[in-house]
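Over in TrEMBL, the protein carries these features:
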- 208-233: transmembrane segment (TRANSMEM)
- 253-272: transmembrane segment (TRANSMEM)
- 279-298: transmembrane segment (TRANSMEM)
- 345-365: transmembrane segment (TRANSMEM)
- 385-407: transmembrane segment (TRANSMEM)
- 428-451: transmembrane segment (TRANSMEM)
- 463-481: transmembrane segment (TRANSMEM)
- 493-513: transmembrane segment (TRANSMEM)
C-alpha cells in the first residue's frame with residue numbers, strides 16, 4: 001500500500017496496475033435482505049457505507065463469529081486491493097466510483113462547452129453585420145473573458161471544494177445522510193427528505209456574497225475603463241473598430257454580476273456533485289441568447305448593441321434559474337456569514353488567481369511569438385491552439401468530478417474511499433488522454449478544414465498535429481491533478497507548482513521561440529504541461545501537505 005511504500009512514486013504508480021487474480025474479493029454469501037436493501041438504496045458516491053459488517057440471517061453465535069471474521073477479512077482485502085485498483089477485468093471495467101466520475105463529468109463537459117458555443121453564435125450573427133464589427137466584438141469578448149477568467153475561475157473552484165467539504169461534514173455529524181447531495185439533478189428522494197426545512201451552509205452564502213461583490217466591481221471597472229482597456233489591447237481612438245468595440249464591452253459589462261453569481265451557484269451545485277442543473281440553466285440561457293440575437297441585431301436594427309443585450313439577458317436568466325433551484329433547498333443569504341470563512345475564501349482565491357496568471361503567461365507569450373512569424377503562421381497556429389484548448393474541456397470535466405468526489409470523502413475522513421477516487425480519476429484521465437490522442441491524430445486534418453481552405457494555412461496547422469496529439473495524455477493527467485489539489489484544498493501547492501512551470505516554460509519560449517519558430521512554441525507549451533504533470537506525481541508520491549492524511553491507512 002501507499003502508506004508503507006519506501007519509494008515516493010510507488011503510491012501513484014500502483015494506481016495504474018491491475019490487481020492480480022489472488023486479490024479479488026470473495027463476496028459473503030449470507031447477508032440479510034435488509035442490508036442488501038440498504039446497500040442498494042445508498043447514494044452512488046458512498047459505497048463505503050455498505051462495506052461494514054453485514055447483518056446475518058443466522059442466529060447461532062458460531063455463525064455470527066464466523067461471519068464477523070469473514071467481514072473483517074473482506075475489509076482487509078478491500079484495503080489491499082484499493083491501492084492496486086479493483087477493476088477485475090482491467091482498465092475497461094468501470095466500478096461504482098468510475099461510474100460516479102463519468103456521471104459528474106459528462107454533464108459538466110456539456111455545460112463547459114456551452115460558453116464557447118454562445119461565443120460562436122454571437123460571432124456568426126455579428127459576422128453578417130460586417131468585418132469591422134466582427135473584429136471589434138472579438139476584441140471585446142477577449143477582454144471580458146480575460147477579466148472573468150482571472151477572478152471568476154478561482155471563485156468557482158474554491159466554492160466547489162468548500163461546499164463539498166461542508167456538505168459532507170454536515171451530513172456526517174447531523175446524521176441526516178445526504179439529503180441535499182444531488183440538488184436538482186432528478187434523483188428520487190423520500191417524502192421525509194422533501195419535507196425537511198431548508199438548510200443553511202455558510203460556504204454557499206459566503207460564496208454568493210463574494211460573487212455579488214466581485215461582479216459589481218468587474219462591472220464598474222469594465223464600464224469606466226473600457227477606453228483604457230481598448231488602448232492596452234492596441235485599438236487606438238482613430239481605429240474603425242474602436243467605437244463598436246467600446247460600445248459592446250460597455251453593455252457587456254452589465255452582465256458581469258450575473259456571470260459571477262452564476263459561477264458561484266454552479267460551484268455550489270458541483271459541490272453537491274450535481275452537474276445536470278447547471279447544464280440545464282446554461283442551455284436555457286444559450287437558447288434565449290440565440291433567439292434574442294436574431295431579433296435584436298437585424299429586425300430591431302440594434303447591431304452590435306443588440307448582440308451585447310442578448311448575451312446579458314441570457315446571463316441574467318441563467319443566474320436566476322440557478323439561484324431559484326438553490327433557494328428551494330438552501331438558505332441562500334444570511335447575515336450569519338462567518339468572518340473566518342470569508343478570509344479562507346480570499347486566501348484560497350488569491351492563490352488561484354496567481355495560478356491563473358501563471359497559466360495565462362506562457363499562452364500569451366506563445367501567441368505573441370506566433371504573431372511575429374506573420375499572418376499565415378499565426379493563422380495556422382491559432383487553428384491548432386483552438387483545437388487544443390477546446391479538447392481540454394473534457395479534461396476539465398474529469399478534474400471537476402475528481403475534485404467534488406475527493407473533497408466529500410476527504411472531509412468525512414473516508415481516506416480509503418478518497419484513495420479509490422484518486423486512483424480511478426487518474427486511470428480514467430490516462431485512458432481519456434490516450435483516446436483523444438489517437439482520435440486527433442487520425443482526424444486532425446479533417447478538423448482543420450472546418451476553419452479554412454487556404455493551403456498555406458492548412459500546411460502550418462498540420463505542422464502542429466504532433467503537439468496537439470502527443471500532449472493529450474499529458475494534459476489529461478495535469479488537469480486531473482488540478483482537480484485533486486482542489487479536492488483536498490491544496491491550493492498553495494497548486495499555485496506554486498503552476499507558477500514554477502509557467503516561469504520555466506516562459507523562459508524557454510523567450511529563448512527558443514524566436515530561433516525555432518512554431519516548433520519552439522509547441523515545445524514550450526509541451527514543457528509547460530509536462531512540468532505540471534510531473535509536479536502532480538511528485539506531490540502525491542512525496543505525501544506532502546494534506547496528502548499525508550490521505551495516504552494514512554486508518555479512516
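Just so it is clear, glycine is given a Cβ too, placed from its N, Cα and C backbone atoms.
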Between the transmembrane segment (428-451) and the transmembrane segment (493-513), do 3 or more CB pairs sit under 8 angstroms, pairs being 6 or more residues apart?
no
Which listed stretch (208-233, 279-298, 345-365, 385-407, 463-481) has the most C-beta pairs under 8 A with the transmembrane segment (428-451)?
463-481
Counting only CB pairs under 8 A, let me know which of 208-233, 279-298, 463-481 has the most with the transmembrane segment (253-272).
208-233
Cβ pairs under 8 Å with the transmembrane segment (345-365): which stretch of 208-233, 385-407, 463-481 has the most?
208-233
